[in-house]
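These notes concern the structure reproduced below.
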Amino acid sequence: MKQLQVLLVAGTHGNEINGIWLFDEWKKSSFLINTHGIKTFQVIGNPEAKKAGKRYIHHDLNRSFKEGSFIKINPLNCERTRASELVNLYGEAGENPCQIALDFHTTTASMGSCIVVYGRRDADLALASLIQNQLGLPVYLHESDQKQTGFLVESWPCGLVVEIGPIGQGLLNSRIISQTKLILETLMEQIHEVKNLNLFFPNKLIIHRHIKSIDFPRDEEGNIDGYVHSLRQSKDWQELKKNDELFCKLNGEIIRFEEDEPYIPVFINEAAYVEKNIAMSFTKRELWNFKKEWKQALIDLIHQK
């Protein structure tokens, strides 16, 4: 049986520095974080962007892990080259194959701490259920968005993204660092419990399923001509109902939520998403029954069956 190995990534975006700082301190003091004896690799996702103090150099690294893009190194694209390196080093067929990838991020939006799952892979949903049961974190299921693909964790058999905010880009914050450490240790603890078959899965999983993203108001030339309404700013995870305020213009015009069905907004006014023409994303809160297939998939993965 292969040794269980977990890839821990911080700095997938070079200006999200709290996880990077935590990893650097961890290297100095190996006892700082309890991995419960599980072999881990702590990796800075985008070291070149970190040096430059930028989110990325040529292309968003967390959109660079697309199927078929690892065939050859592209010297003209730092992030696609780095994506290939990470898969070659730590992917299923890599030099140090990891079964699970955990990618630690921060956000400028008032998201608090949450877990992001891409698609509906059984092992992902099982691990997300465990961490939600332990810490009560919301789970954002990102799917059905063809404009946003190629996420890092999708290149591993099981993978979750941890998002913590709000925090400005390039800033250290004690709360963010403490939350990152807590979630990392809890994830490792739960993986350890699965490894030892000493685990308790919840009966339900609360999901915030991605519906769509919306852009800022724009004028005829494509320039942003409105901003997030004061009643919507910093109200991530709070239900939107028809006619609630979304945006405001300087002339006093208010743009309202027009959907008949209530949605839950997330990543409201995230600074890094402006270039992606995203002002916020809408989700639908759903209560899912925990499936035995999820549990078995995670157990089989960790025990290499």
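Placement of Cβ uses the backbone N, Cα and C atoms for every residue, glycine included.
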(message) If I go by Swiss-Prot, which of His59, His105, His142, His192 binds Zn(2+) at the same site as His13, Glu16?
(response) His105
(request) Kindly assign Arg63 (substrate binding site) to one of the three DSSP-derived states: helix, strand or coil. (result) helix
(message) So among Arg55, Asn62, Glu163, Tyr273, all listed as binding-site residues, which is physically nearest to His105 (Zn(2+) binding site)? Use the C-alpha atoms.
(response) Glu163
(request) Would you list, in sequence order, the binding-site residues among Asn62, Arg63, Tyr273 whose CA lies within 10 Å of the CA of Glu16 (Zn(2+) binding site)? (result) none
(request) Taking the recorded substrate site as Arg55, Asn62, Arg63, Glu163, Tyr273, identify the other residues of that chain whose CB atom sits within 8 Å of the mean position of the site's CB atoms, giving them in sequence order. (result) Thr12, His13, Asp60, His105, Ala272
(request) By Cβ count within 10 Å, point out the most packed of the binding-site residues listed: Arg55, His105. (result) His105
